[in-house]
Amino acid sequence: MTATLAAAADIATMVSGSSGLAAARLLSRSFLLPQNGIRHCSYTASRQHLYVDKNTKIICQGFTGKQGTFHSQQALEYGTKLVGGTTPGKGGQTHLGLPVFNTVKEAKEQTGATASVIYVPPPFAAAAINEAIEAEIPLVVCITEGIPQQDMVRVKHKLLRQEKTRLIGPNCPGVINPGECKIGIMPGHIHKKGRIGIVSRSGTLTYEAVHQTTQVGLGQSLCVGIGGDPFNGTDFIDCLEIFLNDSATEGIILIGEIGGNAEENAAEFLKQHNSGPNSKPVVSFIAGLTAPPGRRMGHAGAIIAGGKGGAKEKISALQSAGVVVSMSPAQLGTTIYKEFEKRKML
């Protein structure tokens, strides 16, 4: 079995039910496409768009809805450069003092937006992502939870065939550069500009790591919540590459959970790219150590199936890459602080 077909087989075990098998079959077809001359490696070029700052111009899809309105207000209060939003049929109106457009394409042309955040109900969220991809928005952050998995397989297939748009999520808290730009639902006040890059599959555990690194005085350089769904647009490796190449990021916290093999892949990446005297300290926590096989634990992707995806295997893989694994989420801040102390980086 080729590596690509093996990846599709892993997904079949990760997603339960007939919809999961159908999704895996569909994704396996997309994996086979490179044999027909279609390039998929180009999507990695969009990693650069993960870095947001005070100059990032954002639109909101689902702008006038309840969630879109609330979180757009929060973003504006934080100082994020929100320039407008879309709600089909409400183009030409204003909302929160900003213009409303019918389409993402129109919004991008009129505002020069470089990012979009999506607060659209699950049945329509995949179409919203596709619209942003077609408009070539550089960064798309989809907060929505509960998008049908087959919808996301089709979105991922579309993503992998282009290089202009980078997707974070779905089912994620978003991305934040403290003090500069907040795209998503994270509480802004717990963040502090600093030295730690945080990437996580869990939203609430992200906030825990943020609060602790703020408390120990290290702060955060960039925080990315990649989401807990099995078919997402950004994984650990995408974020790790940004962190390793970012001079402002001096240490990394990686928060994983049971299900899939993203943590094992991240460990392999760190072995290859973060070793030697100039390596950056990496601390991790893996949620679900006591989870029983076959039972989904919260997130759609958090399930041990087919003998794969267990916490112990993930912890071993990360430790073999030189990562310090904390056994408690309450100790992430003190653990990374001790690593800085040990390396005389304080």
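Counting starts with 1 at the first residue shown.
Backbone N, Cα and C atoms are what each Cβ position is placed from, and that goes for glycine too.
Swiss-Prot lists H299 with the feature active site, tele-phosphohistidine intermediate.
The annotation CoA binding site is assigned in Swiss-Prot to T64, G65, K66, Q67, K90, I143, T144, E145 on the grounds of sequence analysis. The Cβ of T144 (CoA binding site) has I118, Y119, V120, P121, P122, A125, G169, P170, N171 as same-chain neighbours under 8 Å, each 6 or more residues away in sequence. In the three-state DSSP scheme, T144 (CoA binding site) falls into the coil class.
Annotation comment: Swiss-Prot describes Y207 as substrate binding site. Listed in sequence order, P173, M186, P187, I190 are the same-chain residues six or more apart from Y207 (substrate binding site) with CB atoms under 8 A from its CB. In three-state terms derived from DSSP, Y207 (substrate binding site) belongs to a helical segment.
As annotated by Swiss-Prot, N6-acetyllysine applies to K54 (among others), with the evidence given as a large-scale study or a structure entry. According to its DSSP assignment, K54 (N6-acetyllysine) is coil. A sphere of 10 angstroms centred on the C-beta of K54 (N6-acetyllysine) encloses 11 other C-beta atoms.
Residues or ranges marked as N6-succinyllysine by Swiss-Prot: K57 (among others). Counting only residues at least six positions away in the same chain, the Cβ atoms of K81, V83, T111, G112, A113, T114, A115 sit under 8 Å from the Cβ of K57 (N6-succinyllysine).
The annotation N6-acetyllysine is assigned in Swiss-Prot to K57 (among others).
Close to K66 (CoA binding site) in the fold, though at least 6 residues off in sequence, lies no residue with a CB less than 8 Å from its CB. K66 (CoA binding site) carries a helical DSSP state (H, G or I). The N6-succinyllysine annotation in Swiss-Prot covers K66 (among others).
Per Swiss-Prot, the feature N6-acetyllysine maps to K66 (among others).
Annotation comment: Swiss-Prot describes K81 (among others) as N6-acetyllysine. Mapped onto three states, the DSSP output places K81 (N6-acetyllysine) in coil.
Note on K105 (N6-acetyllysine): other Cβ atoms within 10 Å of its Cβ, all shown chains, come to 16. The N6-acetyllysine feature in Swiss-Prot is assigned to K105 (among others); the stated evidence is similarity to another entry.
Annotated N6-succinyllysine per Swiss-Prot: K338 (among others), in sequence order, evidence recorded as similarity to another entry. Within the same chain, no residue at least six positions away from K338 (N6-succinyllysine) has a Cβ under 8 Å of its Cβ.
Here Swiss-Prot flags 1-40 as transit peptide, drawing on similarity to another entry.
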Residues near K90 (CoA binding site) by Cβ (under 8 Å) yet at least 6 apart in sequence within the same chain, in sequence order, are T64, V100, N102
Can you check what DSSP calls K105 (N6-acetyllysine), collapsed to helix, strand or coil?
helix
What whole-number value in Å do you get for the largest C-alpha pair distance within T64, G65, K66, Q67, K90, I143, T144, E145, the residues recorded as binding CoA?
25
The rounded CA-CA distance in Å from K105 (N6-acetyllysine) to Q67 (CoA binding site) is 22
Distance from K54 (N6-acetyllysine) back to Q67 (CoA binding site), taken between C-alpha atoms, in Å
23
